[in-house]
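Enquirer: Pasting in a structure now, in structure tokens, and then I'll have a few things to ask.
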Amino acid sequence: MYQPGILGRRKRVCKPWTVALTTTAALLALAVLIGLLVYFLVYEEKTHYYQASFWIPSIKYSSDLSEEQSKLQINLKQKINNEIDVIFQRSSLKHHYVKSQVVNFRPSNDGVKADILIKFQIPRKNADTLRSEADSILNKKLQSSQSFLKRDISLPYLREMNAAQAEHILNSNCGLGMEYPRIARIADGKPAGSNSWPWQSSLQVEGIHLCGASLIGSQWLVTSAHCFDNYKNPKLWTVSFGRTLGNPLTTRKVESIIIHENYAAHKHDDDIAVVKLSSPVLFSENLRTVCLPEATFQVLPKSKVFVTGWGALKANGPFPNSLQEVEIEIISNDVCNQVNVYGGAISSGMICAGFLTGKLDACEGDSGGPLVISDNRNKWYLLGIVSWGIDCGKENKPGIYTRVTHYRNWIKSKTNI
């Protein structure tokens, strides 16, 4: 008996040109893959970080060098960074040198010692010779009588550092944010730039944004005391970092909340608190501290400042997911204390900012957030903390902020910052 045929099945025969085409395509794909692999292993640039130590015999160590943002520290750091910039920008590594940064000053019996972090980007194929080449360049230049820097022979010259630790150090300087000026308004619903305000954080309860805060140290925030009127237990709070609330850069739990001893919920004075995080954050281009001004810092009326936050875009309006910013002006306390403005309610611990014409202002949900000003070196300082006001953007009712300089010593007493 014959076996019945299987319906629809027949033998396929590949034509020679089909086999050739398939083989060629496979070989081409393999060649591309090998090419990419070779490029990655040989030509792709890799970042390298080296720590170097130098001796400066011409300068005597002073306690001012350990004081953050002191004039002596700022000037010496800039002088050293400029010297390293010139050395490498005029060398065979000029296309691979990225930047340098002074990490620390140390006392020496005969001068000052400085620890410096140097960043390079170089193809992988040349990575093996980078350290020796950089070492040779530095040695040659520093032996010159024109250089005020000398090699610190007590330590290995160039010590490689891992990327995470190095980036943390490179971004540890305060106040590095938006390049001023830039125009955007909370009232228009325009979001802030991606790395504009890297100290801004969100204080949340059960994942809901309630207040803003500013990062002033790897484990410390400063914010408004009234943010904790209803929720005083630190365990209820979490902190979110990053430009968007829905996709945070990182989060932390809260270890403790320190509210100013004289704060009372029924008044606006002493509206300041500091928050200690459960663990330190790792600094990056998107996560940095804002600078704190000294208690003697003065700001003039009409000075341009920025306030940022995730507050309502207008009175009783929607809340954004992306961080918003608005540029406003400092208004003197005398003007804000006029009868038709706030009628004497503004104390020396407060600062007034906005416009008497209204429109541009902080709003509900911005409480605790930063009011910042830029200096001539493009460093941003925390002038105020969003505290209170009447409505949002109302005529003759500008925003009122806690004056940070007034509480500078209090902040230092609680955080050692």
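Each Cβ is built from the backbone N, Cα and C atoms, and glycine gets one as well.
Copied straight from Swiss-Prot:
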{"type": "ACT_SITE", "residues": "H226", "note": "active site, charge relay system"}
{"type": "ACT_SITE", "residues": "D271", "note": "active site, charge relay system"}
{"type": "ACT_SITE", "residues": "S367", "note": "active site, charge relay system"}
{"type": "DOMAIN", "residues": "46-165", "note": "domain 'SEA'"}
{"type": "DOMAIN", "residues": "186-416", "note": "domain 'Peptidase S1'"}
{"type": "TRANSMEM", "residues": "23-43", "note": "transmembrane segment"}
Enquirer: Quick check for the class: what is the C-alpha distance, in angstrom and rounded, between S367 (active site, charge relay system) and D271 (active site, charge relay system)?
Expert: 10
Enquirer: Any idea what the Cα distance is from H226 (active site, charge relay system) over to D271 (active site, charge relay system), rounded to a whole Å?
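Expert: Just about 6 Å between their Cα atoms.
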Enquirer: Tell me the residue counts in helix, strand and coil for the domain 'SEA' (46-165), as DSSP assigns them.
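Expert: DSSP classes over the domain 'SEA' (46-165) add up to 45 helix, 41 strand, 34 coil.
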Enquirer: Mind looking up the mean pLDDT for the domain 'SEA' (46-165) in the predicted model?
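Expert: The average pLDDT of the model in the domain 'SEA' (46-165) works out to 87.
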Enquirer: What does DSSP assign D271 (active site, charge relay system), in three states?
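Expert: Note: D271 (active site, charge relay system) is coil by DSSP, not helix or strand.
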Enquirer: Should H226 (active site, charge relay system) be counted as helix, strand, or coil on the basis of DSSP?
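Expert: It is helical.
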Enquirer: Which residues of the same chain, at least 6 positions away in sequence, have a Cβ lying under 8 Å from the Cβ of D271 (active site, charge relay system)?
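Expert: The answer is S224, A225, H226, H260, Y263, I385, S387, W388, T402.
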Enquirer: Cβ neighbours within 10 Å, counted over all protein chains: which one of the active-site residues H226, S367 has the most?
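Expert: By the 10 Å Cβ neighbour count, S367 comes out on top.
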